[in-house]
Amino acid sequence: MADLSLLQEDLPEDADGLGVDDYSSESDVIIIPSALDFVSQDEMLTPLGRLDKYAASENVFNRQMVARSLLDTLREVCGEERDCIAVLERISRLADDSEPTVRAELMEQVPHIALFCQENRPSIPYAFSKYLLPIVVRYLADQNNQVRKTSQAALLALLEQELIERLDVETKVCPVLIDLTAPDSNDDVKTEAVAIMCKMAPMVGKDITERLILPRFCEMCCDCRMFHVRKVCAANFGDICSVVGQQATEEMLLPRFFQLCSDNVWGVRKACAECFMAVSCATCQEIRRTKLSALFINLISDPSRWVRQAAFQSLGPFISTFANPSSSGQCFKDESKSSEDKDRIRDDGVVQEEQSRPEDAPSDLSAPHSSARLDGTLEGCAAETPGDSAGDMRVPADSSLLCTLSSESPQEAASDAESGKKHDNNSKSASRPDVGTSSPEPTPLDQEMFNSFHFWRTPLPQIDLDKELQQDPGERPSPERTGDAPAAPVPGSPSITMATRKELEEMIENLEPHMDDPDVKAQVEVLSAALRASTLDAHDEAGGAEQRSELQDDAVGAGGELPNCSISEDTSEPLVIAAEENMEATPDYIHGGADVGPGGGGGFSPDEERRPKVQDVVPQALLDQYLSMTDPSRAQTVDTEIAKHCAYSLPGVALTLGRQNWHCLRETYETLASDMQWKVRRTLAFSIHELAVILGDQLTAADLVPIFNGFLKDLDEVRIGVLKHLHDFLKLLHIDKRREYLYQLQEFLVTDNSRNWRFRAELAEQLILLLELYSPRDVYDYLRPIALNLCADKVSSVRWISYKLVSEMVKKLHMATPPTFGVELINELVENFGRCPKWSGRQAFVFVCQTVIEDDCLPMDQFAVHLMPHLLTLANDRVPNVRVLLAKTLRQTLLEKEYFLASASCHQEAVEQTIMALQMDRDSDVKYFASIHPSSTKLSEDAMSTASSTY
């Protein structure tokens, strides 16, 4: 009850009969009484007595202090259940206080009191549910705004800490919130209640949300009288969708969302645009593609600039919801490891790790899914001669329908792959003569149709091979019987093209009423062009289908058989194929299959460069709008920061499209990289390493390296983005390309502002990581001078990181064979720092030795030979700071090593003699640190204080 000492007594000024004029008549000495001379009446009261006294006070301040000290009172009486219940009952009476400030103060203490009751549940069972929760719920409808806000915050805090029982949520909380959102409820209270319902939905779970919250939420979305209510519903729409799941979202929420997106109030439409990504994540691919895309196009073309601004900011995140591991070539599972890093499974069922050079293929970036091997493939279906390039993925024309395509989850695909391989091993000899009629050498036409680019250009049908593999040769149908089966539609067929054209026509029709807006007019032009392109694509696909049909007829006529394959259409998700090479020797995996052409080289041919920016992963209209975000006119009509938003979401869009569609984004990325605003370039610089992982080494070397080089020469605000992820980017490059940057690392020491020491500190951090990427000679020739320069930096934080860098460098060079560079580095440390004329250099030498000992960068016998003699000579240094640090290092670090504790060598004797000399030093601090036991203090704290005190 410490706070009660501040309480004001409601007593007359002369009640105690004492005043400053009192004095002793005998001695005529004036006595001024002190408050410590009297026993306060409060000290004579019990905690409950003090609580009752001040809770009934007419002074508002006293009642506020009572509310603030309730938790302390509970702690004092927690040993007695009866007293705890008495305090809780007085809380209920205090909740009826007429002063809003008292009620608000009480509500601020409720979460703390509830937590105390939960921790002491055996003493006061059901205390919260019976005494506190009714107060919280009642205050949700309080007339005072401050009390309502405080109770709402308290309710959310209680739900977040799971202090409210599930039954109480259903029977006490939700009914009150539903009543507060009734049509006849107060407008302000209704709006706040809807917001509370939306925020508590993720905390109470799917079941309660669907049964109790969702019906009323749908009603509030259609509240015609209060646009504030609709705006709150729109702003929290994504949270509700993520809680209730896909089915409830599509059946109940989507119709309301469409209404909100066309609301008369622009604030409601803007809120819809801001939560569009969350809504999209809760729907299936088909609805996302057919309905939400058209709805989003309407928001992008909205008459209100604020709505368009919010829509463009959400465009990149919305496009990212179309991402599929099979189309992107990347799939990240647990432990943050890419599925591409998993072990490869050979035909014989033996798991082997992918062989790759460390400098060419870093551990966290390997070949994409497009370069994986086909699950359960047949040798006659995808034969390849040893002379073929690893970059070729050749599939004969007459067997193009024999490839197993997968649009399932990566986990399912992995399990199917194992079972498929086992089945393939058992049936390979039986199936080989019946399936394959293709020759080992593909024809030039095959190479043109099924090179890596055309292979990814259009999705292929999904085919089930199990039926054909499980049938005996005698049971397989004849070509005539196979031809009688009805043909299933494939992607790119006229029926699918008709659906696309119909979708485009509907979009154009919806936008025509807003043709006065230049943005809407531009959008109509884009959609019209897409409509014309879809018409042309329909003719091209029809011609290609006829050509494939002729090739298959020729194969059948030559004596081949087409197996009985059930073809199923799956246009809702991008497809991926994994091709397995059947070479008897060690398999050469297709590296970056989406990046390499028929000749195995990287990059794209001139014909591919000129191809239109068309893809099939996301609706083309969305991609066109995203690409238009770099248009200068957008900055004037939408948002001056629109280019920055485009740059921020570009890695997500690139991951969604996959590296096979990088040609759609290349020009946009180059435009952003040369943007006049440094914030745009800075955003790209911070994410270029992520984009390099997505694109693979071939495209990175061709398209990202030039931009990366430009960022290295940019402003410091841009360069810091490159520097923070320098190791992450360089490890993705080929060793030869990586070595080119050794000459540019020195430039990071030069900054626009010499006081920007954090830049140099980050450089030291990155150099520690870069040690593993370069050879010992490169480390010695290029990284060593930078490290020694940083060790002499003016700022202690930079020097501390640099000591770690030098010690790691000593470790790497000493482990090299032969350790010549390591010895030379140690000699340079001794010469430049151990014998430095400046005492700060000699102190740095001690710090480096200390770090080498702590991190075991050198074997102790080698340390005793190369560094310790020079270290011990500093015992006679004329500067006390150096001797203090030496005493700490010897006593607290060196003597803790087993080598110096167990061996009775001359090195141990030299250390003991040095410590004895330091214990007799004329400086008291040196004596202290040379005498104390190693475990009695922390070296890092003392050393840091020594370092900081010297500058």
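Any Cβ shown, glycine's included, is placed from N, Cα and C.
Database features (Swiss-Prot):
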- 26-63: repeat 'HEAT 1' (REPEAT)
- 127-164: repeat 'HEAT 3' (REPEAT)
- 168-206: repeat 'HEAT 4' (REPEAT)
- 208-246: repeat 'HEAT 5' (REPEAT)
- 332-360: compositional bias 'Basic and acidic residues' (COMPBIAS)
- 464-483: compositional bias 'Basic and acidic residues' (COMPBIAS)
- 502-539: repeat 'HEAT 8' (REPEAT)
- 539-551: compositional bias 'Basic and acidic residues' (COMPBIAS)
- 594-604: compositional bias 'Gly residues' (COMPBIAS)
Reported mean pLDDT - the repeat 'HEAT 4' (168-206): 91
Summary of DSSP states over the repeat 'HEAT 4' (168-206), given as helix, strand and coil counts: 32 helix, 0 strand, 7 coil
Helix, strand and coil residues within the repeat 'HEAT 3' (127-164) as assigned by DSSP: 29 helix, 0 strand, 9 coil
Contacting positions for the repeat 'HEAT 3' (127-164) when only residues 6+ beyond its ends and CB under 8 Å are counted: 84-85, 88-89, 91-92, 95, 100-101, 103-104, 106-108, 110-111, 113-115, 117-118, 172-173, 176-177, 180, 188-189, 192-193, 195-196, 199-200, 203-204
